[in-house]
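Heads up, the thing below is written out as structure tokens.
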Amino acid sequence: MKNNYKSLVIVGSQWGDEGKGKITDYFSQKADAVVRFAGGDNAGHMIEFNNKRHKVTIIPSGVFNPKVKNIIGNGTVINLKSLVNEIKRLNESNISTDNVYISDRAHLIFDWHTLIDQLQEENRKENKIGTTKRGIGPSYADKAARYGIRICDLKSPNFKEIFKENLDYHNEIITKVYNHKPLDFDQIYNELLTNYQLIKNNIIDCGYEVSNLINENKFVLFEGAQGVLLDIDHGTYPFVTSSNCSANNASIGTGIHAKQIQKVIGIVKAYNTRVGSGAMPTEIKTELANKLRERGREYGSNTGKPRRIGWLDLVALKYAIRVGGIDQLFLTLFDVLDTEEKIKICTAYKLDNQIIHSIPANENDFKRCEPIYEELDGWNEDITKITSFEQLPINAQNYIKRIQEIVNVPFLGFSVGPDRKQTILIKGEFDD
């Protein structure tokens with residue numbers, strides 16, 4: 001695989017779980033650095049090679065290549081306890097984490113964030129969002145309210161006072177708003193100091209480092225988390241995550257300028273999935289959903305929750321392409337559709353007897369959208385061993401071609417199985 005780019009952004013173009021980790025791992029074989037720019041350990045990126053499956057939640061997916069610098073950017077939120085546990089887990093699998101670095105400007109997740117996340121979700125009753133309860137939202141809320149504590153604050157001479165003041169403030173919320181017992185200072189503080197000692201030598205100025213790499217003509221891969229349809233501003237609000245998931249945030253979340261981003265690849269699953277609450281017009285309510293769920297192993301990598309299954313929604317995909325700045329697409333879990341005689345794709349919505357071609361802003365309107373389908377012939381053939389686009393059955397080729405025609409964005413490649421080797425480029429600029 002050749003590469004003519006200095007910077008490449010990989011984003012999810014649906015509701016997350018598209019297989020970004022696998023594709024990031026694939027491109028990281030030629031990268032000098034992989035940088036996470038948003039989210040926290042609510043992500044669950046799965047990478048499979050040498051008959052072994054690995055998961056990373058906050059560490060970039062390039063960690064499996066020892067030659068790659070893996071940087072956790074300033075746009076993320078970091079639970080040091082989770083990060084240290086992930087480092088230990090990788091080390092136990094003989095995977096070095098000496099190449100993992102952390103932005104000094106990244107905000108931290110503490111025990112009070114995870115507790116408040118849980119209490120808020122319980123308080124929503126029937127209006128639950130489906131949060132992972134890992135403290136992501138409350139940490140970003142503190143960042144916006146300027147209560148947040150950053151990695152760089154850990155070395156401040158008065159950090160203990162800063163920490164206590166922050167804990168006291170949150171204990172007021174925990175006890176008086178939610179009637180829950182307060183958190184203990186000593187336990188949380190001592191654990192934090194222990195974990196800080198384990199990572200302090202890997203803290204860097206992310207923007208300075210990444211800008212220098214690009215200016216030196218190194219190849220930097222920016223790894224997104226979740227998906228554009230979960231973006232806090234442009235996703236299906238309020239059933240979204242707490243950060244910006246589009247390529248627009250790759251520069252903000254790493255400390256470089258927007259002109260340093262050259263290309264954006266959107267990862268799209270061959271069908272739709274969604275975790276938690278929120279509308280999904282193409283959701284399948286028949287036994288077929290269970291069949292596809294089992295074939296695609298569609299269970300949350302962090303929570304184990306079964307994912308909701310739907311036909312590929314091209315209205316939502318076109319929206320994600322526009323909002324996410326996507327130049328090319330990469331199709332994943334293509335083989336999951338191998339056994340289907342007929343395959344549907346959604347090309348428009350019907351809302352109040354009108355045909356619309358974009359996602360409405362209002363969630364209640366989105367819930368009322370009816371999908372308008374185009375039906376394609378399936379291929380009913382195992383494609384897991386093919387190694388080129390030309391080897392695909394004609395109907396599988398037609399599936400890719402028809403999507404391209406409708407969304408007017410080309411496919412860079414596709415995946416026909418979980419292993420790194422089952423990733424195939426369509427002829428183009430990345431060919432050897």
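Cβ from N, Cα, C; glycine included.
Among Thr132, Thr254, only Thr132 appears in Swiss-Prot as part of the IMP site alongside Asp17, Glu18, Gly19, Lys20, Asn42, Ala43, Gly44, His45, Arg146, Gln226, Thr241, Lys305.
A 10 Å radius around the C-alpha of Lys22 (GTP binding site) takes in these recorded positions out of Asn42, Gly44, His45, Thr132, Lys305, Pro306, in sequence order: His45. Looking at Gly44 (Mg(2+) binding site) and Pro306 (substrate binding site), their Cα atoms lie 14 Å from each other. Geometry remark: Gly19 (GTP binding site) versus His45 (active site, proton donor), CA distance 7 Å. Considering only the binding-site residues Asp17, Gln226, Gly304, Phe334 (GTP binding site) has Asp17 as its nearest partner by CA-CA distance. In terms of Cα spacing, the binding-site residues Asn42, Gln226, Thr303 that come within 10 Å of Gly16 (GTP binding site) are Gln226.
Fewest Cβ neighbours within 10 Å among the binding-site residues Asn42, Thr303: that distinction goes to Thr303.
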